[in-house]
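Inspection log for the structure reproduced underneath, given as structure tokens.
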Amino acid sequence: MDKLVIEGGVPLRGEVSISGAKNAALPLMAASLLACGKHSFTNVPRLRDIHTMCNLLGHMGASSEHGATLNIDSGNIRALEAPYRLVKTMRASVLVLGPMLARHGFARVSLPGGCAIGARPINLHLSGLQEMGADIELEHGYVVARADRLRGATIIFDLVTVTGTENLMMAATLARGRTILKNTAREPEVVALADYLRKMGARIEGDGSSEIVVDGVEELTPSTFRVIPDRIEAGTYIAAAGITGGCLRLTNCEPAHLEAVIQKLRAAGLTIETGEGIVDVQSNGPIRSVDIKTWPYPAFPTDMQAQFMSLMTLGNGVSLITEQIFENRFMHVLELKRLGADIELDGRNARVCGVSHLSGAPVMATDLRASASLVLAALAATGVTEITRIYHLERGYEDMDGKLSAVGARIRRQVNGS
């Protein structure tokens, strides 16, 4: 199993180009099922999850080529099924449900691995599709959905759900009549999907707000689209500059998507300047301890919680971090404590007391963002840190070790434990 070996203590200096957003690319790829023909996407990151979605679409009959452009031809869809062997590795696979049902009238999609419907937002997808006229049954771990043609409805989400908003918005594009979605997610990735659907001929208004209105059309046509920059990757590298006392310029990013993150990182003592597609960050003073609470966009994102916690481990006081989106999203805490962090957990709260330094140690990544938090802590720690199970990183960070090495990090990938 591959691992990262990091010798910390080097301030990062230089330029990092931010990749396209995985969380924008995946729903765009699912949207290709809505229209027969060739869809073309640029700025698509080369990540494990992108490869998995290509395999899933390929299983259905679509063909894909990922060079400088990701081309998907959905003209030969024949298998209206998302099998467990593919869905189990990526929860975003459920995004094919709405498009398949809307265009073909049938979908058989495996429940994501370990998913208890009552406790996970997938129930919001299913109840919304039922309100649009779908007949849905659960059979042997699969969602089986049928509808001659979906019909418009007014749907109020009990909780803000990004993938639920995306799934029902896609389904509504081909439904009969008007669909009104209320309490919708406002994330930039939702807006990007709506932008592409409009290029395909969809009639959508209100994306970026808490109410989206979709007037169904008879047919959509393929188009081209550039994937928006990854705001979480950008936030991660800003935090990396902060925790190492470095100076970085980030290019190919969208500062407007990072306002809540930048506000908190400035409060933590970082000097951050923004321009068109650019963020300049410098850290040359003490890290100030700052409290955060995660909440849906435009508030502080849960996907930056772990990385911010790493920064706070070296703060000059006490930071209270409250996770309000997901349960059990403090799995990185035990590993950070192995590096010398002083953190106490109390339910959804983490109390982080800043320490003078972290010390390298063997640690294990538990999920995507936890992996990034361990990399940041290792970059600042004295001595050598070895991080195992780094396949999590490959789900969401394109060439992270290469990008960090280019700005001065002493980092190397050790293949197969050799």
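The first residue you see is number 1, and the count goes up from there.
Glycine residues also receive a Cβ, built from the backbone N, Cα and C atoms like all the rest.
What Swiss-Prot records for this protein:
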type	residues	note
ACT_SITE	Cys115	active site, proton donor
BINDING	Lys22, Asn23	phosphoenolpyruvate binding site
BINDING	Arg91, Asp303, Ile325	UDP-N-acetyl-alpha-D-glucosamine binding site
MOD_RES	Cys115	2-(S-cysteinyl)pyruvic acid O-phosphothioketal
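Straight-line distance linking the Cα atoms of Ile325 (UDP-N-acetyl-alpha-D-glucosamine binding site) and Asn23 (phosphoenolpyruvate binding site), rounded to a whole number, equals 17 Å. Here the binding-site residues are Lys22, Arg91, and the one ringed by the most other CB atoms within 10 angstroms is Lys22. DSSP assigns Arg91 (UDP-N-acetyl-alpha-D-glucosamine binding site) to a helical segment in the three-state reduction. What surrounds the UDP-N-acetyl-alpha-D-glucosamine site, by Cβ distance within 8 Å of the Cβ centroid and not counting Arg91, Asp303, Ile325, is the set Val162, Thr302, Phe326, Arg329 from the same chain. Reported as a whole number, the C-alpha separation between Asn23 (phosphoenolpyruvate binding site) and Asp303 (UDP-N-acetyl-alpha-D-glucosamine binding site) equals 11 Å. Here the CA atom of Asp303 (UDP-N-acetyl-alpha-D-glucosamine binding site) lies 13 Å from the CA atom of Lys22 (phosphoenolpyruvate binding site).
Counted within 10 Å of its Cβ, the other Cβ atoms near Asn23 (phosphoenolpyruvate binding site) come to 24, all protein chains included. Around Asp303 (UDP-N-acetyl-alpha-D-glucosamine binding site), the same-chain residues six or more apart in sequence whose CB sits under 8 Å from its CB are Ile232, Arg369, listed in sequence order.
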